[in-house]
Amino acid sequence: MNNDAPADWATLRDETADLISSTTVLGVLYAFSVILYYLSTRLLYSQSRDIDGKLSRRTLFTFALASVMIACATIDIITLNLYTKTVYLDIRALPIGPDRTLAKKRAFTIGKANIVVTFVETTLSLGVLSWRVWTIWSGTRLVIPVAIFSLLLYLAATGTYISYIIITWSIPYSSSSTPSLFERVLSASVALIAASTVFMTLMIVSRLMVVRRKHIKIMGKTESAAQYLGITAMLVESFALAVVWILALLICPLFESAIPAYNFFNASAVQIQVLTYFLIIYRVFSGRAWNGQTQSRLSTLQWGQGATQPADTTIRTISIGIVNERDDSPAGNIHV
């Protein structure tokens, strides 16, 4: 009898959720990321050429960053599918012996490789989030302390993640248990990544909410401000989708019945962060994201009535000069 076969209904349920999350769900999320990658790079190319038709270094860097993110998503879906195939098909189909041991070693190596991919994606995603914090808080008195604290959290999260990778890759396949240092570093890495993401998200949301409240109090709801201060805009700007996934990964392990949900959130974590990244990048390239001139543009809105306007009060934009501004376990698919 195969000792690795599902023992009961609960195990079968958990494995089914893991299989669906690692294949179908990942495929759907990856497809959305590819579409947004194409749309974003197309906008970037069409808008960033100079008089000679050449692309600037900044444009090339942005394109390279987007390409690295989609590459991470591609490698993630490949490694997770290989891991799933090895665990659920190859290992269970092989009798106990050298071939099965070799298959388990292969799954072990694939799991560790996926951790490296997750690190690259997480580091870049947090970096972009910190950039959005700086952009949205620029021009305020608190921009320096907010940006510095965000940067410190980012560096701490990156440092502990690097330590986690080093310890993970130093654990041999033959090890029957993980060292206590591994558990401590893993916990610290998860906590710092969660703290970084949640803090920077709250900073973005709080800033946009303050501006939104002031704008509505003075001007009412306007279409010109909706693209920057609407609820959907704030959720996209703040990487709120990634925060939901991180919080779910922290909460689900507290409940034994939530293992299928944890498998779902864990398997799709990288794809969600990549998708969140491309959502904000697409807004930036399409001119709908908050930038260094947004506050100035919103400040130019004044009450007024034109000769051809209806009797009721409306809002018009007065053209004025804009001040320049600074512009997961070693053998598993753990996404920290």
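Glycine is treated like the rest: Cβ placed from N, Cα and C.
Features as listed in TrEMBL:
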TRANSMEM  20-39  transmembrane segment
TRANSMEM  60-83  transmembrane segment
TRANSMEM  115-134  transmembrane segment
TRANSMEM  146-166  transmembrane segment
TRANSMEM  186-205  transmembrane segment
TRANSMEM  226-251  transmembrane segment
TRANSMEM  263-285  transmembrane segment
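Of the candidate ranges 20-39, 60-83, 115-134, 146-166, 263-285, 146-166 contributes the most Cβ pairs within a distance under 8 Å of the transmembrane segment (186-205).
Listed by sequence, the residues of this chain that lie at least six past the ends of the transmembrane segment (60-83) yet keep a Cβ under 8 A from its Cβ atoms are 22-23, 26-27, 30, 33-34, 37, 40-41, 44-45, 107, 110-111, 113-114, 117-118, 120-121, 124-125, 128, 267, 270-271, 274, 277-278, 281, 332-333. Residues 115-116, 119, 122-123, 126-127, 130, 133-134, 137, 182, 185-186, 188-189, 192-193, 195-196, 199-200, 203, 336 of the same chain sit 6 or more residues outside the transmembrane segment (146-166) yet have a Cβ under 8 Å from a Cβ within it. Listed by sequence, the residues of this chain that lie at least six past the ends of the transmembrane segment (20-39) yet keep a Cβ under 8 A from its Cβ atoms are 66, 69-70, 73-74, 76-77, 80-81, 83-84, 263-264, 266-268, 271-272, 274-275, 278-279, 281-282, 333.
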